[in-house]
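Written below as structure tokens is the structure these notes are about.
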């Protein structure tokens, strides 16, 4: 009889490790934040962006200064904070992206698709803005800025620098007027003729601006390598992109406040105008700015929250993030308007003649003021570096939100992450190519105005809030927060989620439709009819999927059920849902308890 070989029994530690591995094999590895501040920093990197630095200060001035701030704070309390907290909480609790989380309320799954479409629209053009900023940053490394003079090959006879004496300027204007034209500053000609090679017509592509093409390619490579191991592994990139812009903002703020005329700019920034509170345009601009700057409705917050551990204090992070976002906008306002006050002082013009809306504020106003600053090269490089970083970090987080939603819906993408991510980055790069043609800025304006903000965003956010508040259940969101971190919110938050937040987004959507104005060229002319029609098509892409999927669900699925039963199941009226993370925690506790008892 042969001797049998002794096989040692596995230790408790080995069993626990085996248990953990088996559970990970059942659920695909989504990746989790490992550091205490990873989630907070990722939200800062995502939500704090170009809208805070330039769009907020401009809108604040345009709409009455202090009056705009009052309205902004109202929307901040009624919509931004509640919806922000709602998205983060549900993402963490369900451990799903924007599409798959709606399996708990399938009638609203079209909302998740709408989130993905809006993110798709925004991702398509964000790297183009980054390319513009990088182009300016590179151009700033010169003793004389290329936009300072009219002696460049792209300048024509209508060019003025603003530094001519009165007699010379009058002569140039008279000469140009006699030819039926108008003068352009050297800054404007650099932007239109050198950076964009602008044809002035969205219909005339005119070829590719190859410098922007290659810079955009470099930007997409940065995005790819920041994400190829998953955003939870890109800690250094996230932290750098979240924190470094604040260094630059405070440098610009300190420098701006020490400039002559800064007080004039601050006064215009904060000047109260109570009569503007009755102006519907103020409410529309403040509301849309709140939704856009806090990044709700894109699915990215849900995705970032889904990478949290089940018991992570997402409530504290969400409230902190909302406070940081608001303070960043206000601080950036002081920095920007102190500099604009200096411009007003130097040019002896009213600020209303200096400030220009949209991308023009960043790429026309600042190059002009940088030319008159001491150590101009340093401040120009710092400013456009800040724009570049803010664009890249928002792009990375939006891409993560989109890719997480698609990975949850199609798990094979997670298995081949590097390859599939590369294909997606290449796809979006190709979509961006028309936006680096000679009419590219107009295509970007179209995507921004119709596809990624305004009507489409507000429409999707309305149904998202309704679906979460009534499908998932406002009381269940409050309960989920308590289960995860032990925080019990006041009962009143349920009424905010069920009534205030949906009403706010719906009213803003109606405002946008009622006060609709076709998109215009910078010179005030309307885009052609076909372009605005295409814009409405872009908007409809994210809107029609919501009722479209609901119709599909009610009439083409679960045919063995009655229509009433399908509605009941689609709205999850039975409240049957469970957090995968919570289930894993329970299973862990039960099986480890069994291991301990069996080993004794």
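The backbone N, Cα and C atoms fix where each Cβ goes, glycine too.
Copied over from Swiss-Prot:
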type     : residues : note
REGION   : 1-31     : region 'Disordered'
TOPO_DOM : 1-38     : topological domain 'Cytoplasmic'
COMPBIAS : 12-30    : compositional bias 'Basic and acidic residues'
TRANSMEM : 39-59    : transmembrane segment
TRANSMEM : 68-88    : transmembrane segment
TRANSMEM : 116-136  : transmembrane segment
TOPO_DOM : 137-207  : topological domain 'Extracellular'
CARBOHYD : 165      : N-linked glycosylation site
TRANSMEM : 208-228  : transmembrane segment
TRANSMEM : 237-257  : transmembrane segment
CARBOHYD : 273      : N-linked glycosylation site
TRANSMEM : 286-306  : transmembrane segment
TRANSMEM : 321-341  : transmembrane segment
TRANSMEM : 378-398  : transmembrane segment
TRANSMEM : 420-440  : transmembrane segment
TRANSMEM : 454-474  : transmembrane segment
TRANSMEM : 499-519  : transmembrane segment
TRANSMEM : 536-556  : transmembrane segment
TOPO_DOM : 557-600  : topological domain 'Cytoplasmic'
With contact taken as 3 or more Cβ pairs under 8 angstroms (pairs 6 or more apart in sequence), are the transmembrane segment (237-257) and the transmembrane segment (321-341) in contact?
yes
Six or more residues beyond either end and a Cβ under 8 Å away: which residues meet both conditions relative to the transmembrane segment (321-341)?
40, 43-44, 47-48, 51-54, 56-57, 60-61, 69, 76, 80-81, 84, 246, 249-250, 252-253, 256-257, 259, 261-269, 293-294, 351, 354-355, 365-366, 369
Below 8 angstroms Cβ to Cβ, which residues of this chain, lying six or more residues outside the transmembrane segment (454-474), approach it?
83, 86-87, 90, 102, 104-105, 107-108, 110-111, 114-115, 118, 121, 288, 291-292, 296-297, 493-495, 497-498, 501-502, 505-506, 508-509, 512-513, 538-539, 541-543, 546, 571-572, 575, 577
Run the contact check on the transmembrane segment (420-440) against the transmembrane segment (208-228): 3 or more C-beta pairs under 8 Å, excluding pairs closer than 6 in sequence.
yes
Run through the Cβ atoms and count how many others sit within 10 Å of the one on residue 273 (N-linked glycosylation site).
14
Interface check, the transmembrane segment (378-398) with the transmembrane segment (286-306), three or more C-beta pairs under 8 A:
yes
Considering only Cβ pairs within less than 8 angstroms, which of the stretches 39-59, 116-136, 286-306 has the most against the transmembrane segment (208-228)?
116-136
Taking a Cβ cut-off under 8 Å, which residues six or more beyond the ends of the transmembrane segment (39-59) line up next to it in the same chain?
33, 68, 88, 129, 231, 238-239, 241-243, 245, 249, 269, 285-286, 289, 292-295, 300-301, 304-305, 307-308, 312, 314, 317-318, 320-321, 324-325, 328-329, 332-333, 336-337, 355, 357, 361-362, 386-387, 390-391, 393-394, 396-398
Predicted model, mean pLDDT over the topological domain 'Extracellular' (137-207):
80
